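*Asks:* Below is the structure I would like to discuss, written out as structure tokens.
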Amino acid sequence: MILPGYTSGISAIKIYLAFSVLFLVSLSLAIYYQNLYYLILPVVVVVTAILLIDYTILYYLLLLAIPFSTEVDLPNGFGTDLFSEPLIVLLACCTLGSWLLSEKPERRFYQHPLIILLLIIFCWSVATTLVSQNYLRSIKYLLAKSWYLLVFVFLTGRLLRHTTTLRQFLYIFIAALGVVVSITLFRHALVGFSFALVNKMVAPFLRNHVMYGVLAAAALPYAVYITWQQKNKFLKILLGTVSLLLLAGVIASYTRASWLSLPLAIVYGFLIRFRLTKYLLIFVLVTGLSAVLYLSSNYRYMQYAPDYQKTIFNQDDITKHLQATYTLRDLSGMERVYRWLAASRMVADRPWMGSGPNSFYPEYLKYTVSRFTTYVSDNPEKSTVHNYYLLQFAEQGYIGGFLFLILTGYALLLPEKIYHRTTARSEHKKLVLAAGLCFYIITVHLFLNELVETDKIGFLFYTSLVVLVRLDIWTVESKTFN
């Protein structure tokens, strides 16, 4: 609510009469001037009233819109997601209005370490924008990031006051996503689940098969959670069916990272159960540092340069595609290596501030290693490094990269802490697993893409962080009360 104090004293009959008069006047003008545009006025008034009184309905509409959103290219290199992005911008403005006019901040929420880390990361993005190699692209990044934080973090955090509210959010989002996945599976089945045609089958709601796989995999823990919590037998069967559809979507997406993420998520669940998460983080950190030191020593990475003629995309045979992956002859895999090397050289050139947010393309072209060139290195899609962690280092320097690693590490450790703080049969135990597994699945994918900057994956990423923050607060309160 933006203006709760100004609307509480207005009776329903007065609102009805005022709107009736406005509608009749607009209708009369439309008839007299034979112009339907006069009827827009009542619609504008209704929307404005909703925004001033209670804009929660717009948030529910956003949850419904996100799975169906479609990427639309605009002139001058701009683009948007219809119809989710206009709603996100509108809700971001509403959130700012609430802060300025009426809302008192909840201290416990805003002082939580995860929220503080998100704010520090954003502030550092602002700092690196000041020295960016491409101011326009960096400012566009800041705008998008600001309304993601305002809506997916702060507004969601304000609305999420109980697990019942979260389940309502998830029912809408998972139901809409279930429809999208069902349509995609049906269309894909008509062409025999062709590997070569999968990218065409996921349009227009999904960018490509990678987005399809990541979205279905990341949403699956939440789908299982609401199925588990549902008491109505019919709805339980319906939600269980949606969960199976999401699993089928992961399989049919032919996305290798998504296939791998699900068994890894099961392993992560066991690590939470037996308090072993810290060892996972240590293993990943040591392995990553060792790989960097090994490959960079004496330019050893040059030994793995691909054969340009033999590095191809086996679009007609998924088996050959998988074989090419581990023999280092897969086109998409080696193109990633090509960009990872460029990103690494960018870090070495600008170690502290980076090149600026959202400036990797076309800046990376100056740092490429020609021996790793592939058939798709001309990059007509203008995509980035395909590793979000490395992207942070390249665009925002060591500080930006390590800040994001700290955020990720803390968010992966927090579910274990909350899980063992709750009672055995508590709903919080199931919810923390759902949020933790969703976040973990996304972090696994971030080694190979940067889809967290999209509305679909960004919503799940930031919502999972908010759920963890809320659970941390709730379980501490519950323990203190008991």
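Cβ atoms are placed via backbone N, Cα and C, with glycine included.
The model shown is predicted, which means the values in this text are computed figures rather than measured ones.
TrEMBL feature annotations, pasted as is:
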type	residues	note
DOMAIN	242-405	domain 'O-antigen ligase-related'
TRANSMEM	12-32	transmembrane segment
TRANSMEM	39-62	transmembrane segment
TRANSMEM	82-102	transmembrane segment
TRANSMEM	114-132	transmembrane segment
TRANSMEM	138-157	transmembrane segment
TRANSMEM	169-190	transmembrane segment
TRANSMEM	210-227	transmembrane segment
TRANSMEM	234-251	transmembrane segment
TRANSMEM	279-297	transmembrane segment
TRANSMEM	398-419	transmembrane segment
TRANSMEM	431-447	transmembrane segment
TRANSMEM	459-476	transmembrane segment
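Context for these features, please: burial, neighbours, distances.
*Replies:* In the predicted model, residues of the domain 'O-antigen ligase-related' (242-405) average a pLDDT of 88.
For the transmembrane segment (114-132), the list of distant contacts is 138-139, 141-142, 145-146, 149, 153, 157, 353-357, 359, 395-397, 399-400, 403-404, 406-407, 410-411, 414, 465, 468-469: same-chain residues at least six beyond its ends, Cβ to Cβ under 8 Å.
Counting only same-chain residues 6+ beyond the ends of the transmembrane segment (210-227), those with a CB under 8 A from a CB of the stretch are 67, 167, 170-171, 173-174, 177-178, 181, 184, 198, 202, 236, 239-240, 242-243, 246-247, 249-250, 253-255, 257-259, 261-262, 265, 430-431, 433-435, 437-438, 441-442, 445, 449, 451, 454, 456-457, 460.
For the transmembrane segment (398-419), the residues of the chain that approach it from at least six positions outside its boundaries are 113-114, 117-118, 120-121, 124-125, 128, 268, 271-273, 275, 277-278, 280-281, 347, 351-352, 354, 388-390, 392, 428-429, 432-433, 435-436, 439-440, 443, 464-465, 468, 471-472, 475, judged by C-beta separation under 8 angstroms.
Beyond the transmembrane segment (459-476), the same-chain residues lying 6 or more positions past its ends with a Cβ under 8 Å from any Cβ of the stretch are 66, 108-109, 112, 114-115, 118, 148-149, 152-153, 156-157, 160, 166, 169, 173, 215, 218-219, 222, 411, 414-415, 417-418, 421-422, 428, 431-432, 434-436, 438-439, 442, 452.
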*Asks:* Quick one: do the transmembrane segment (234-251) and the transmembrane segment (431-447) have at least 3 Cβ pairs under 8 Å, skipping pairs fewer than 6 apart in sequence?
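*Replies:* Between the transmembrane segment (234-251) and the transmembrane segment (431-447), contact is absent.
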*Asks:* For the transmembrane segment (138-157), could you work out the same-chain residues 6 or more beyond its ends whose Cβ comes under 8 Å from its Cβ atoms?
*Replies:* 59, 62, 78, 88-89, 91-92, 94-96, 106, 109, 115, 118, 122, 125-126, 128-129, 132, 169, 356-359, 453, 458-459, 461-463, 465-466, 469-470
